[in-house]
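**Student:** This is the feature table in TrEMBL:
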type	residues	note
BINDING	A:Asp42, A:Ser56, A:Asp87	Mg(2+) 4 binding site
BINDING	A:Asp42, A:Asp87, A:Asp238	Mg(2+) 3 binding site
BINDING	A:Ser57, A:Asp58, A:Asp135	Mg(2+) 1 binding site
BINDING	A:Asp58, A:Asp87	Mg(2+) 2 binding site
BINDING	A:His65, A:Glu291, A:Trp342	substrate binding site
BINDING	A:Gly134, A:Asp135, A:Arg161, A:Ser240	ATP binding site
BINDING	A:Asp241	Mg(2+) 5 binding site
DOMAIN	A:40-153	domain 'PurM-like N-terminal'
Protein chains: 2
Amino acid sequence: MFESTDKKSTPLSSLGEFGLIEHISKKVIIRNPSTVKGIGDDAAILDFEDKYTVISSDMLVEGIHFDLSYMPLKHLGYKSVIVNISDIYAMNATPTQIIVSMSLSNRFSLESVEEIFEGINLACEVYRVDLVGGDTTSSTSGLTLSITSVGKVDKADVVERSGAKPNDLIVVSGNLGAAYLGLQILEREKIIFQENPSIQPELEGYEYIIERQLKPEAKRDIFKLLKELNIKPTSMIDISDGLSSEIIHLCRQSNVGCHLFENKIPIDTAVSFTCEELNMNSTTVALNGGEDYELLFTVPMECYDKIKVCDELSIIGHITEEKEMKLLTLSDSIVDLTAQGWNALLKRENK
Amino acid sequence: MFESTDKKSTPLSSLGEFGLIEHISKKVIIRNPSTVKGIGDDAAILDFEDKYTVISSDMLVEGIHFDLSYMPLKHLGYKSVIVNISDIYAMNATPTQIIVSMSLSNRFSLESVEEIFEGINLACEVYRVDLVGGDTTSSTSGLTLSITSVGKVDKADVVERSGAKPNDLIVVSGNLGAAYLGLQILEREKIIFQENPSIQPELEGYEYIIERQLKPEAKRDIFKLLKELNIKPTSMIDISDGLSSEIIHLCRQSNVGCHLFENKIPIDTAVSFTCEELNMNSTTVALNGGEDYELLFTVPMECYDKIKVCDELSIIGHITEEKEMKLLTLSDSIVDLTAQGWNALLKRENK
């Protein structure tokens, strides 16, 4: 980290596009019967039989979504897949295929591309997803990754954002705010390093929040848990832009409102400690931080007992008929929720 | 062209990502029954019932694939869809949905994005394709468009690259080389304009080749014609990188070779004239030019009579058992075909 290493560097132009595709394809393993044909034709061929196909896309741009001075390329590859398949789980669907397109400037070598694909292939292995196609091209500056993920779901099982009903419980998985704080620490250490390259970054004690930033996971366990509990959420969304922004999406699309309880928002102790150190409010961080990739969903009130006993799930409020989104604070005052979440159309620095 | 205009300019940051998505969504019309749900959730929901889903992705990068000094934004939007759905037709499939991701630097306004989407929506209308999702984000420099296209095909109808058999006829639609020459003329006029901005570009007489470069079309008509003729090609590919490169792909994946005849390669008179003017060889241009988006396919020899009478189709050679790719030239010599096609990993200027 924060260091340039003397690794082997093969210019991409020495392979050409087809050579690069062939090179990448060699390490691709197909795991899903729905993949009829992967890389190597004008298009991939998929077969979902009687199921719905779900499909989603995300673009990650260097200097906007990631900073290679502290984001290792392998982690970037891994994270870019996670960010995408998280959307598939949020439809209550199983991710099955991804398509990866990337543009790279000539500062990237074959070895850099290999590192990115190491991360992509690892995520494919862990989540049993098939890499079935994409595009690789040059750019005049920087690295852009655009991934499309495809999944399947039984028609009766699909969960949209729009199904939340009054009195439904609002549930969130895991805990919130860690990825955002991890980013703050990495940015802080980067500035210190830039000012004095002899000082090595101080990352001890921040492992958890930094891992949440650099190597997030998609919530497959929650997807499985809900199946085991025989619970089909009435609505669901993944938290990429912060709890506040996501609950507002969910309420607006369901034409309802909500009451959230500040004291119920799950916050890890590592987040509390770091917030104290950085003089930040942990609720603000949880509401607006983003990049958690936890699942936010609503369930009928009857599910209370089933949810209550799950350590991985927190009931943080309920849906209201009145179309207002409110937070009951620790000091018993009621405030409006606002969407101040991550806005990818503003630069990270302007946030 | 080659001019800056004083149009209204609304900064994208004034809308934010969600505002922009809402704005774009308003003009989106859903036309396909396979689109269960389009923009507005974590993922789009598609239903292909008993058909195969085919899926393909392409990335277009400013400064590599297009130059906004002569490519109007609306045309860019249109072309970016065409480039993509061309791959779907090349599987003998019908395009049904696209997903559009783009990153833009702050030099692009809301009005620029609207122009791009005008072109995208027009292509969607013409080709009856649904825009069902995507991602919009900022970039530190330039514009990148990444489009994923989805299509459907009856399982028995899918045509891959790998099915060509010895003695099959090699057929190409339309004519070749025009898009590449259009680019040469646009680049020439750009240089003249840069050297002396008072000189207006001389584009008269070049309308056809410039249109092939700026506003290509996907070969839906050929796809329909083949159905009418009751011909299922044994293999098919779209010509994006030049005839030579594509026939090599097709032969390698089919484990066969080919004989092409120079005198059979379809070249428009506008291409011949411009080649003469630019002192270029029209066969070289047709073999290596790229961006034609014509369909190249093989059919059993029995189809000769059916194909022969179609003005839109040219029989340019045949498949051989011997795995060599040869061209019989006008002077009756035999030369090896080589893939010198468009290489997106080299910069356009280095080509």
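Note: Cβ is positioned from N, Cα and C throughout, glycine not excepted.
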**Student:** Determine the mean pLDDT over the domain 'PurM-like N-terminal' (A:40-153), rounding to the nearest whole number.
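**Tutor:** The average pLDDT of the model in the domain 'PurM-like N-terminal' (A:40-153) works out to 94.
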**Student:** Take the binding-site residues A:Asp87, A:Gly134, A:Asp135, A:Ser240, A:Glu291 and keep those with a Cβ under 8 Å from any chain B Cβ; what remains?
**Tutor:** A:Asp87, A:Gly134, A:Asp135
**Student:** Let's see if you can do this one: DSSP helix, strand and coil counts over the domain 'PurM-like N-terminal' (A:40-153), in that order.
**Tutor:** 35 helix, 47 strand, 32 coil
**Student:** Compute the C-alpha separation of A:Asp238 (Mg(2+) 3 binding site) from A:Asp58 (Mg(2+) 1 binding site), stating it in Å without decimals.
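**Tutor:** Distance (Cα to Cα, whole Å): 13 Å.
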**Student:** To the nearest whole angstrom, state the Cα distance for the pair A:Glu291 (substrate binding site) and A:Asp42 (Mg(2+) 4 binding site).
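**Tutor:** A:Glu291 (substrate binding site) to A:Asp42 (Mg(2+) 4 binding site), Cα-Cα distance: 34 Å.
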**Student:** If I take the Cα of A:Arg161 (ATP binding site) as reference, which of the binding-site residues A:Asp58, A:His65, A:Asp241 has the closest Cα?
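**Tutor:** Closest by Cα distance to A:Arg161 (ATP binding site) among the binding-site residues A:Asp58, A:His65, A:Asp241: A:Asp241.
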**Student:** How many whole Å apart are the CA atoms of A:Ser240 (ATP binding site) and A:His65 (substrate binding site)?
**Tutor:** 12
**Student:** Give the three-state DSSP assignment (helix, strand or coil) for A:Ser240 (ATP binding site).
**Tutor:** coil
**Student:** Spatially, and counting Cα to Cα, which of the binding-site residues is closest to A:Asp42 (Mg(2+) 4 binding site)? Options: A:Ser57, A:Gly134, A:Asp241.
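**Tutor:** Nearest in space to A:Asp42 (Mg(2+) 4 binding site), counting only the binding-site residues, is A:Gly134.
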**Student:** For the ATP site made of A:Gly134, A:Asp135, A:Arg161, A:Ser240, how many Å separate the two farthest Cα atoms?
**Tutor:** 31
**Student:** From the Cα of A:His65 (substrate binding site) across to the Cα of A:Asp135 (Mg(2+) 1 binding site), what is the distance in angstrom?
**Tutor:** 20
**Student:** Taking A:Ser57 (Mg(2+) 1 binding site) as the reference, which of A:His65, A:Asp87, A:Gly134, A:Asp241 (the binding-site residues) have a CA within 10 A of its CA?
**Tutor:** A:Asp87
**Student:** Counting across all protein chains shown, how many other Cβ atoms sit within 10 Å of the Cβ of A:Asp241 (Mg(2+) 5 binding site)?
**Tutor:** 24
**Student:** In whole Å, how far does the CA atom of A:Ser56 (Mg(2+) 4 binding site) lie from that of the residue listed as 'Mg(2+) 5 binding site'?
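**Tutor:** Per the Cα atoms, A:Ser56 (Mg(2+) 4 binding site) and the residue listed as 'Mg(2+) 5 binding site' stand 16 Å apart.
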**Student:** From the binding-site residues A:Asp58, A:His65, A:Gly134, A:Asp241, pick the residue whose C-alpha lies nearest to the C-alpha of A:Asp87 (Mg(2+) 4 binding site).
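**Tutor:** Considering only the listed binding-site residues, the nearest one is A:Asp58.
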**Student:** Can you name the residues of this chain that are 6 or more positions from A:Gly134 (ATP binding site) yet have a C-beta less than 8 Å from its C-beta?
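**Tutor:** A:Gly134 (ATP binding site) has long-range Cβ partners A:Ile39, A:Ile99, A:Val100, A:Ser101, A:Met102.
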